[in-house]
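One structure coming up, written as structure tokens, with questions to follow.
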């Protein structure tokens with residue numbers, strides 16, 4: 001059976017359009033707020049509202065999928081995000097945008113949970129790594145193209161909102177031509193997110209998603225600041241961030257394939273070790289291009305491999321709940337990691353960015369090494 005079936009390809013095609021819209025808005029909303037002369041704390045609160053919506057959307061989506069299936073859940077998530085986009089143009093103000101970004105955050109998280117869950121339910125333990133790698137490649141390519149669009153088109157609010165909303169609705173079209181089956185049966189009791197977080201045999205996967213959130217959140221949010229403080233120009237900062245993200249894109253497919261072939265545990269150990277090496281290279285002021293490249297290739301691929309690891313440990317009907325738990329773990333890591341790291345950087349040194357990344361990666365490596373010797377046979381999903 002082919003890994004990339006027709007439903008999978010159409011699902012990823014729709015996701016690409018949605019990711020473009022998400023990337024454009026996430027870049028421009030803080031700039032629009034600044035143009036309206038809102039204070040820094042107001043910009044921060046609006047951003048927090050979006051991420052709070054992410055958490056709420058993550059918690060709700062499992063119930064929605066169980067009630068109406070993958071296709072309708074995907075349509076609903078897209079409509080919610082489109083409403084969050086269009087609503088920004090109805091009234092420009094702090095409280096209004098606070099509410100609409102919360103709505104957009106819910107829709108965005110629902111899209112992620114639906115797509116990730118559909119891919120995991122479509123795959124088996126033999127090809128799930130490649131499916132999630134394809135998902136991450138589409139996500140990063142969409143993010144990259146979104147940034148490119150921002151640099152090429154008008155960024156005025158009322159110029160952007162119509163085509164971004166249209167792009168979001170266009171993301172629904174591919175799914176109209178296929179049906180993604182929800183193979184969870186009603187014979188099983190509903191599985192809670194809490195029970196998935198407590199599942200002992202999946203703990204390395206859950207912890208891996210938290211670590212991935214800390215690493216990626218810190219790199220995305222604080223690397224530009226680190227480079228700026230080193231005297232790097234804005235144009236050069238864009239180049240180095242492109243190197244980082246490009247490495248993540250290029251690393252997805254080969255690492256996903258290696259994880260399917262040689263096992264997730266071995267690949268996770270190597271990835272985390274390489275993240276530590278990349279962090280040390282950045283601290284030692286070595287050649288920045290290779291250091292950033294290996295950091296991006298290893299760091300940006302942690303999430304899908306850790307996710308695939310955790311999903312091997314559960315029954316098929318538990319996959320959606322497990323995916324919610326993993327996305328929730330990643331979100332918590334991506335919120336707490338940059339906040340704590342930024343505080344350390346402000347009070348001590350900018351080098352704490354890479355010391356923090358290396359430290360949490362080393363802790364995770366110790367967890368992975370403790371699992372040496374005997375690894376339970378994964379649950380087979382056919």
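Positions of Cβ are set from backbone N, Cα and C atoms, glycine also.
According to Swiss-Prot:
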TRANSMEM  14-34  transmembrane segment
TRANSMEM  45-65  transmembrane segment
TRANSMEM  79-99  transmembrane segment
TRANSMEM  102-122  transmembrane segment
TRANSMEM  131-151  transmembrane segment
TRANSMEM  157-177  transmembrane segment
TRANSMEM  204-224  transmembrane segment
TRANSMEM  235-255  transmembrane segment
TRANSMEM  270-290  transmembrane segment
TRANSMEM  291-311  transmembrane segment
TRANSMEM  325-345  transmembrane segment
TRANSMEM  348-368  transmembrane segment
For the transmembrane segment (325-345) and the transmembrane segment (45-65), decide whether they are in contact, meaning at least 3 CB pairs lie under 8 A, counting pairs 6 or more apart in sequence.
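As far as Cβ distances go (cut-off 8 Å, pairs 6 or more apart), the transmembrane segment (325-345) and the transmembrane segment (45-65) touch.
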Could you tell me whether the transmembrane segment (14-34) and the transmembrane segment (102-122) are in contact, taking contact to mean 3+ Cβ pairs under 8 Å with a sequence separation of 6 or more?
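With 3 or more qualifying Cβ pairs, these stretches touch.
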Taking the transmembrane segment (348-368) as the reference, which of 204-224, 235-255, 270-290 gives the largest number of Cβ pairs under 8 angstroms?
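The stretch with the most close Cβ contacts to the transmembrane segment (348-368) is 270-290.
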In terms of Cβ proximity under 8 Å, which residues at least six beyond the ends of the transmembrane segment (235-255) contact it?
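Apart from its flanks, the transmembrane segment (235-255) reaches 129-130, 133-134, 136-137, 140-141, 143-144, 219, 223-224, 227-228, 267, 271, 288-289, 292-301, 304-305.
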Are there at least 3 C-beta pairs under 8 angstroms linking the transmembrane segment (291-311) and the transmembrane segment (204-224), leaving out pairs fewer than 6 apart in sequence?
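Per Cβ check, the transmembrane segment (204-224) touches the transmembrane segment (291-311).
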Which of 45-65, 131-151, 157-177 shares the most C-beta pairs under 8 angstroms with the transmembrane segment (291-311)?
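Maximum Cβ contact count belongs to 131-151.
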Six or more residues beyond either end and a Cβ under 8 Å away: which residues meet both conditions relative to the transmembrane segment (45-65)?
26, 29-30, 33, 38, 73, 76-77, 94, 97-99, 101-110, 112-114, 117, 182, 184, 193, 320-321, 324, 327-328, 331, 335
